[in-house]
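Note sheet for the following structure.
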Amino acid sequence: MMNSMKIPSKRSTLEKKLDKLILALFSVLFCMCLLGAIGSGIFINRKYYYLRFDSSEKQFDPDNRFVVAVLTMFTLITLYSPIIPISLYVSVEMIKFIQSTQFINNDLCMYHAESSTPALARTSNLNEELGQVEYIFSDKTGTLTRNLMEFFKCSIGGEVYGTGVSEIEMGTAQRSGGKIEVQKATNAALEKGFNFDDARLMRGAWRNEPNPDFCKEFFRCLAICHTVLPEGDDSPEKIRYQAASPDEAALVTAAKNFGFFFYKRSPTTIYVRESHVEKMGKVQDVPYEILNVLEFNSTRKRQSVVCCYPDGRLVLYCKGADSVIYERLADGNNDLKRTTREHLEQFGAAGLRTLCLAYRDLSSDSYENWNEKYIQAKSSLRDREKKLDEVAELIEKDLVLIGCTAIEDKLQEGVPACIETLSRAGIKIWVLTGDKLETAINIAYACKLISNNMKQFIISSETDAIREVEDRGDQVELARFMKETVKNELKRCHEEVQQYLCSASGPKLALVIDGKCLMYALDPSLRVMLLNMSLYCSSVVCCRVSPLQKAQVTSLVRKGAQRITLSIGDGANDVSMIQAAHVGVGISGQEGMQAVMASDFAIAQFRFLTDLLLVHGRWSYARICKVVTYFFYKNLTFTLTQFWFTFSTGFSGQRFYDDWFQSLFNVIFTALPVIIIGLFDKDVNAALSKKYPELYKEGIRNTFFKWRVVAAWAFFAIYQSLIFYYFVIASSTSGMNSSGKMFGLWDVSTMAFTCVVVTVNFRLLMMCNTITRWHHISVGGSILAWFIFVFIYSGVVLPKEQENIYFVIYVLMSTLYFYVTLLLVPVAALFCDFVYLGFQRWFFPYDYQIVQEIHRHEPDNSRIGLLEIGNDNLSPDEARSYAIMQLPGQKSKHTGFAFDSPGYESFFASQAGVYVPQKAWDVARRASMRTRPKTPKN
């Protein structure tokens, strides 16, 4: 519940910049209206007697120029209002919604067949933000790893048990060029969650070890100190454990395999079937009364249970992170503490998750005194959690160290390749984990986040100097000493970073910092130094961090560096981090759906980030940028033609276009093509987007929506509006209709509007990277819609005061002037654009244009969702998926996306001999269809 909160409302960076562009357009609108108002106040004069200015109309009263200017100001506001692209927001939201629901959700490359989980866009506000991410903050467990915990090794009484070799150890040996011989497991069949192999502890052999009492306490701690619920039959083969985390289930499973079988729980008692305790082969059921449970949380980092043996012995069992257990150990046993710490470092170097186990015998009197305080704290109505933690501190002390456990959590498939690809794309990845320093570093090596070629800066609290101060027990001195130490370490690292940056070919940098040091580094006095240093690093690993620290680190980069961030996690402890970033991605894994419910996008595996960012994110960013800039261009072009006309009318506010022309320009005549480009335009296909991840850097640099890009579009809008107005006006002065009359205002404006509609639609085709049949249909349909409308509108008899363009189009199209102007004016208007685009592509090409030239002669057969491997190498499941993806209803010729066509999928599947489960709407659709007789062919 501590992590459950309302999901914050997020807006993309591009959308915020769009707001600034709209404000700029409002400023331009105000300046245009102010100029017209001032001009009207100056122009109004009685010397123009033939215009019949008089006092009957206040807007044309020469004796009151101020009123004339004010009224003209309001008139011009309504006249120039199309410059504000109100329909832009509607179009953008429609495009984003379709991108999310049809493209991202239906992408088979992000479909996880094992869990039958597709990608899910839970919001459509942040599609383009996926194309500009520069920093990724990732959890480790369940995000980079599978979150399938297996008990692998342990240390009991200073002795290491377990002969297996972890994935990380193999990877470490491979990096150093060595070899590790993997011994075959002696156990015939290993249970899920238990991958331990050492005969010294199995089947009662632990009784012959030098420390059997430690072994017995170790197994009992595993079997008793937990909150697991058993389900099913109380036999070792059929019982199932329901645990709050996979770690707990793995530990209880290990206790069962060691002969301490937890099979039943009541509200106050745990029942354990113990084997080989009193003598070999003897099995006995032992009930342990659970008196108190001190639960685990992210602050305590430990869990304790007070239990009573059948003989009345009171024992506190505690398990938790080594950093908190060691602080609470009793004096003495220094050799055991040192040896166990070495084992912890050894396990951490192997990439294993470690927990320390300890116990304490309690006297009846001390327990009763403590229990009274515990009951008072538990019944408190204020600050209950805080008081319970304080009471727990009173009893969780003077512990006796038993040993430690080591659990393996293997990496997810494709994580190293994904991280390497994202790094090439210019994305910096930070791993925020609660694991030990050694574990975090080795996991970072295994997933290629850190390499031997990198210069590593490690800021750790596990130093001899800090341990000496810890042993003194003075917390104030410890805090002061650690803050000073962290400050000095940050200064030293920052100086070294500057030296490496000055060198021409310096190595990539990596920073590793643990939770204790991070707590002081996030202090306001050191925060800037930490941020400046970490921004120079390609990779950052923060270990032993709490959920709050994860959110603080994310906010530090988001707010301090003003960079676009993405957080990805799978559990409730990642919720605050997910909500703190610009974009939150949840992984639907083993730890429930809290992260998914708090996220903006949900995927099943970390490797799917490659497609989500490099394909969908980059395409969405480029498409939305084109949509926004094109809207800005066409509205500015259209409005400026009216603005130039104002200078020829004495700033009177006379309309140049008919009201219906102005109203339908954005709604019908130019609406559909811009939506099509926002949906289907792609510079390179999905395969090339992943082959050249460097293309993603254009989004990080915001290449396509800078103010200079907007200025270039504004320049061409001004140029084209001048062409439209003055070319049409100049050519119409000598033009005549078939009856010998000169063209009037509505003839000229209709001609100009026709040129505007044709030109802005053709300009859209010039900015397309791919032209599909949908582009042809939308552009041709928009132009055709204009001619159909004007033919109908010109033929309708309206009241005399509204008879503006009656029969105008028929008169125009009966003259040669119409066809010559319709041909030459758009060509002249688009000539500068053509020259600019050619010059830019030849001499200053974008990265994607270079890739286009490299692969210009290659056919584009790639589609999102198609397996790009030969059919001969497919497994049966992959072959079935491949066959499904080849169905006619599942693919699109132009977009590269795998669409869902529920009405026809199963039909084509049956024709292809592939089984596809029928969907409810599929059956309903066919049931509702009427059978039509087939027409015989002649």
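Each residue, glycine too, has its Cβ placed from N, Cα and C.
For reference, TrEMBL has these:
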ACT_SITE  Asp139  active site, 4-aspartylphosphate intermediate
BINDING   Asp139, Thr141, Asp570, Asp574  Mg(2+) binding site
BINDING   Asp139, Lys140, Thr141, Glu248, Phe296, Lys319, Arg353, Thr433, Gly434, Asp435, Arg544, Lys550, Asn573, Asp574  ATP binding site
DOMAIN    596-845  domain 'P-type ATPase C-terminal'
TRANSMEM  21-44  transmembrane segment
TRANSMEM  64-90  transmembrane segment
TRANSMEM  627-645  transmembrane segment
TRANSMEM  660-680  transmembrane segment
TRANSMEM  707-728  transmembrane segment
TRANSMEM  748-765  transmembrane segment
TRANSMEM  777-796  transmembrane segment
TRANSMEM  816-839  transmembrane segment
Position of peak Cβ density within 10 Å, selected from the binding-site residues Phe296, Gly434, Arg544:
Arg544
At least three Cβ pairs under 8 Å linking the transmembrane segment (21-44) and the transmembrane segment (660-680), pairs spaced 6 or more in sequence?
no
Where else in the chain does the transmembrane segment (748-765) make close Cβ contacts, counting only residues six or more beyond its ends and a cut-off under 8 Å?
630, 633-634, 637-638, 641, 656-658, 661, 665, 669-670, 673-674, 677, 720, 724-725, 728-729, 732, 771, 775, 779, 782-783, 786, 790, 805, 808-809, 812, 818, 821-822, 825-826, 829-830, 833
Is it the case that the transmembrane segment (707-728) and the transmembrane segment (64-90) touch, counting contact as three or more CB pairs under 8 Å in which the residues of each pair are 6 or more positions apart?
no
Within its own chain, what residues at least 6 apart in sequence put their Cβ under 8 Å from the Cβ of Thr141 (Mg(2+) binding site), listed in sequence order?
Asn147, Arg353, Asp409, Thr433, Gly434, Asp435, Asp570, Gly571
If you count the other Cβ atoms within 10 Å of each Cβ, which of the recorded positions Asp139, Asp574 comes out on top?
Asp574
Return yes if the transmembrane segment (64-90) and the transmembrane segment (660-680) have at least 3 CB pairs under 8 Å (sequence gap of 6 or more), otherwise no.
yes
Given a Cβ distance threshold of under 8 angstroms, which distant residues of the chain, six or more beyond its ends, lie next to the transmembrane segment (777-796)?
660, 664, 668-673, 675-676, 750, 754, 757-758, 761-762, 764-765, 805-810
What residues elsewhere in the chain lie close to the transmembrane segment (660-680), defined as a C-beta under 8 angstroms and at least 6 residues from its ends?
82, 85-87, 91-92, 94-95, 98-99, 623-624, 626-627, 630-631, 634-635, 638, 749-750, 753, 756-757, 760-761, 764, 767-768, 770, 772, 774-775, 778-779, 781-783, 785-786, 789, 793, 894-895
If one measures from the C-alpha of the residue listed as 'active site, 4-aspartylphosphate intermediate' to the C-alpha of Asp574 (Mg(2+) binding site), what distance in angstrom results, rounded to a whole number?
7
Separation of alpha carbons, Asp574 (Mg(2+) binding site) and Arg544 (ATP binding site) (Å):
14
Report, as a single number, how many Cβ atoms besides its own are within 10 Å of the Cβ of Asp570 (Mg(2+) binding site).
30
Could you state the whole-number distance in Å separating the C-alpha atoms of Asp574 (Mg(2+) binding site) and Phe296 (ATP binding site)?
16
Please report the number of other Cβ atoms within 10 Å of the Cβ of Arg353 (ATP binding site).
25
